[in-house]
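Novice: In case it helps, TrEMBL gives these features for our protein:
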- 1-16: compositional bias 'Basic and acidic residues' (COMPBIAS)
- 1-156: region 'Disordered' (REGION)
- 44-60: compositional bias 'Acidic residues' (COMPBIAS)
- 70-82: compositional bias 'Acidic residues' (COMPBIAS)
- 83-94: compositional bias 'Basic and acidic residues' (COMPBIAS)
- 107-143: compositional bias 'Acidic residues' (COMPBIAS)
- 158-419: domain 'BOP1 N-terminal' (DOMAIN)
- 426-467: repeat 'WD' (REPEAT)
Amino acid sequence: MTKKKSEAANEDQTRDTKKKSVSAVKSSQKEKPVLAKQVKSSKEEEDLLLDSATDSDYDGDSLSGSLNSDDFDSDVFDSEDDASQKETEGGDKDSSEDELELHGNEDSDDDDEGEQVDSENDEEDGSDEEREVAEESDSSEDEVAPRNTVGDVPLEWYKDEKHIGYDITGKKITKKEKQDKLDSFLANMDDSKNWRKIYDEYNDEEVELTKEESKLIRRMLKGEAPHADFDPYAPYVDWFKWDDAIHPLSSAPEPKRRFIPSKWEAKKVVKYVRAIRKGLIKFDKPEEEPNVYLLWGDDSASDQKSKHLTYIPPPKLKLPGHEESYNPSLEYIPTEEEKAAYELMYEEDRPKFIPKRFTSLRSIPAYENALKESFDRCLDLYLCPRVRKKRVGAHSIINIDPESLKPKLPSRKDLRPYPNSCYLEYKGHTGAVTSVSPDCSGQWIASGSADGSVRIWEVETGRCLKVWQFKEAVKCVAWNPLPDFPILAVAIGQDLVILNTELGTDEEQQKIEELLRLGTLPEQDEAVAAIVSWLPDETYGGIKIKHFKNISYVDWHPRGDYLSAVMSAGETRGVVIHQLSMHKTQRLPIKMRGLPVCTLFHPTHRGMFIIATKKNVRVFNLQKRELAIKKLETGLREISSMAIHPGGDNLIVGSKEGKMCWFDMDLSSKPYKTLKNHPKDITNVAFHRSYPLFASCSEDSTAYVFHGKVYSDLNENPLIVPLEILRGHSTSSNRGVLDCKFHPRQPWLFTAGADSVIKLYCH
């Protein structure tokens, strides 16, 4: 029994070994065709790559790591795809043949058991070798090249170092030795897969692109989507449901009612509020300004000054225009007449820059005033005050309404009456009317013209009553201020003619004839005789007083007996005073300084005489025969005219630069107010005898009327308000209005123009 059991066990073992050997043989036979397929496919790939390398045109500049669109040729990929298809077909055929062979081997293995035992031993040895190879392959996959972990650090920092970065363990990654260009070129020529290799500068290695990556690059170079599965022309899916849609879609912003506040932010706000209430969060308290102030001065006068000087910015210069170009347009270049007019101007009024034209930049000369301007600039910096004025307002910013800076003046309606419109014109002169003078009654007005005629007009009708014709131009006319003596003083060249107007009563005419009759003349001093000579006027029956220079201005004393004559070229002998009743002439007992322009007798103080030179105004007392008791500094370039207020305490002075100065002689020797109104020379100024009005006329063909009220209270300054600009005269020979006088009783103004017209302006 035991023998039988042992034999049965042996038979079972032999059967098991047979089955194992058969399965091992089958597996080995199946692995053989797979290996054959791999070898075959690798050979075909190498052949295709060699063919593509030989067929493609080689460019000498293409090295490893450079990719061009020509490298990714569609023919290469098509050949690769065809080769892969052939491999799959050949693999299927081989697999079918191997299966047939395996079936035949199974039959042969069943018949021969000895061969099965030998193959079994051989297969066990082979399986051990395959396990060792598998273990080696697993360990080789773990051995990956160290990767660079420097992040976004620029690789230029490692340009001079021996390493290119650090791996994940912190060890340095050394740079590979670079091959010679010739060696790298030959190696690239021998390598058929060189067109697939890219140099990774970050890890200092060459990377070979796979087929899938090369296909992606080829599609991107063609401008297609990287993935072949992407459909750029997918059908449009309309997400909006148009069924039962009445109104169109709106692009209006979302309303506030749809806003959902954040719960987290609400909790955060509540948390901050509780912290503030508990005192956990504290805020800085505002600094309280001290209530201490200087009792006897402001902060600017305090001793606490800064260590450094305050910065004063320089004034901004005007940007250059077209006229400052080296080759400006012809419209900017002045003509010869304009240049001659510039030379006649004063230096202050002359334009600082006159455009010139040059053909090129090389022909431009050096700047003439460079040294002078640099010196003036340094002088300005030297004389500039180093303390900035303190500004008014909060935070050192001027916070003042500009309207509040304007003086509060009364309305013009409240200051009526004053002349504002032309009422009448007196025409008859053929030349420029140089002077006008109304009589004390206001019924008549006398005028003198450059045509040598003197006319008397009726004020209300404009009728010319009488005409005297002289050989020379009339410079000035002045009517006697006394109503009983209607005589007229006329300045013609070097002669001063006293004319009888024959307008008074018979008794008045007898007095005038006796006054104008020259009998035995008193003896004159030699100095006076050299200046003046009294002669009878045979032509018109008056008196002719001949001077040694041309007379420019005549003025009567308020009492009507004395008459002053001004000769501008007479220098120290330029002012003389004639006494009509005594037929006598007196020189001033004082020494004058400067060329005289005009004179005035004081309306209230006896013996006070005012002389205006080109620069200053001096007040003399003729009775005391002393030096000037007062000198008024005008600050003007050249005085042209002067007028005194009927009260005698205020004086206005006109200049040839368009400025007018108001002097309060009891207050100061400097102007109380300077008015800049006219753009051209002021020819004359005048006060009204009874109304608070004064006026000025200019060569710009305009006359300005002002309200000038003088208060009896010495603590209150005079009120000056501009009222009206009177226009109507036309310019002739670059001259406008030459004289202006107020009517003695009405608020009317007479103006004499260079256009040979006299105008009467009324309210």
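The backbone N, Cα and C atoms fix where each Cβ goes, glycine too.
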Novice: Over the span of the repeat 'WD' (426-467), how high is the average pLDDT in this prediction?
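Specialist: Looking only at the repeat 'WD' (426-467), pLDDT averages out to 92.
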Novice: Using a Cβ cut-off of under 8 Å, list the residues of the same chain at least 6 residues beyond the repeat 'WD' (426-467) that approach it.
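Specialist: Sequence-distant neighbours of the repeat 'WD' (426-467): 473-483, 486, 488, 490, 492, 499, 501-503, 732-733, 735, 738-741, 743-746, 750-760.
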Novice: In the repeat 'WD' (426-467), how many residues does DSSP call helix, how many strand, and how many coil?
Specialist: 0 helix, 24 strand, 18 coil
